[in-house]
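Structure incoming, see below.
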Amino acid sequence: MTKPQGFVSKDRNLHVCKAEAAASASPADEQPLLGEPEQPKFLGIELVTLKKIIPLGLMFFCILFNYIILRDTKAVLSVTAQGSSAEIIPFSKTWVYLPMAIGFMLLYRKLANFLSKKALFYTVIVPFIAFFGAFGFVLYPLSNYIHPQEFADKLLNVLGPRFLGPCAILRIWSICLFYIMDELWGSVVIFVLFWGFATQITTVDDAKKFYLLFGLGANIALIFSGRTVKYFSMMRKILGRGVDGWAISLKAMMSIVVVMGLAICGLYWWVNTSVPLPTRSKKKEKLKMGIRRGA
């Protein structure tokens, strides 16, 4: 026996009303399902979320702390080095930094095709840490021996003043390399590594709530790094004569940069091993990154 047409229409309307009511319910009104344990919270925030956001904030602090110290250091080194001048900065950005940035993009694209995300993170950041440590303890103390000052002078006399920029880069090549590595730290570690990792482990709702707080961490990093640079600048004044105060200050600051870099690696490792990542839609086959995708 079939239902009259009127009853069928009412049942359909009833189901539609129930579906609309369920869809319009706000997330705040949702309650855990029967038998599903409620996630522990602290100050109204789930502990799982805090275990992601707090390490991310600390990573962002360490990255920007290093960047500001390196930025202040590179400016002083590039201008005050023997045989250098302020003209070397725009030349280095155009003819050295730009080719190295393009080369890094191509290398990163190649590495991303066969390395895991964890291995790729360490492969990129560890050379930065190693270089800054080596610069403070090896390259700069030996700068008088490894910088070809006389050869650069002869080359400049042969080529003429039009090649003042390339000869200046050759004259203080280790300091120019330090300048370029600092520029790459700002573009690679901050924008590629950190924000790529942040978008990987956070949900859209978490990003809306907590990404703005990272700006607070940036301001705190600016305060602490500025005071650190000021402290070591004042320390050079109280050292006795005959002591290379700049070399001592540089070693101390590069030691801090290395420690902060290792802290970044430690925080990255802890998040990957201790925090459950949000579920993502998995693809059947890993797509190889082309030049446009890698960019």
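Cβ coordinates come from backbone N, Cα and C, glycine included.
Okay, these came from TrEMBL:
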TRANSMEM  53-70  transmembrane segment
TRANSMEM  90-108  transmembrane segment
TRANSMEM  120-143  transmembrane segment
TRANSMEM  210-229  transmembrane segment
TRANSMEM  250-271  transmembrane segment
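In the displayed structure, how are the listed features positioned relative to their neighbours?
Long-range contacts of the transmembrane segment (90-108) within its own chain (CB-CB distance under 8 A, at least 6 residues past either end) are made by residues 78, 120, 124, 165-166, 168-169, 176, 179-180, 183-184, 187-188, 192, 291, 294-295.
If one looks beyond the transmembrane segment (210-229) by at least 6 residues along the same chain, the residues whose Cβ comes under 8 Å of a Cβ in the stretch are 49, 53, 56-58, 60-62, 64-65, 68-69, 72-73, 198, 202, 253, 256.
Under 8 Å from some Cβ of the transmembrane segment (250-271) lie the Cβ atoms of residues 51-52, 55-56, 58-59, 62-63, 65-66, 69-70, 73, 118, 121-122, 125-126, 128-129, 132-133, 135-137, 140, 197, 201, 228-229, 232, all in the same chain and six or more residues away from its ends.
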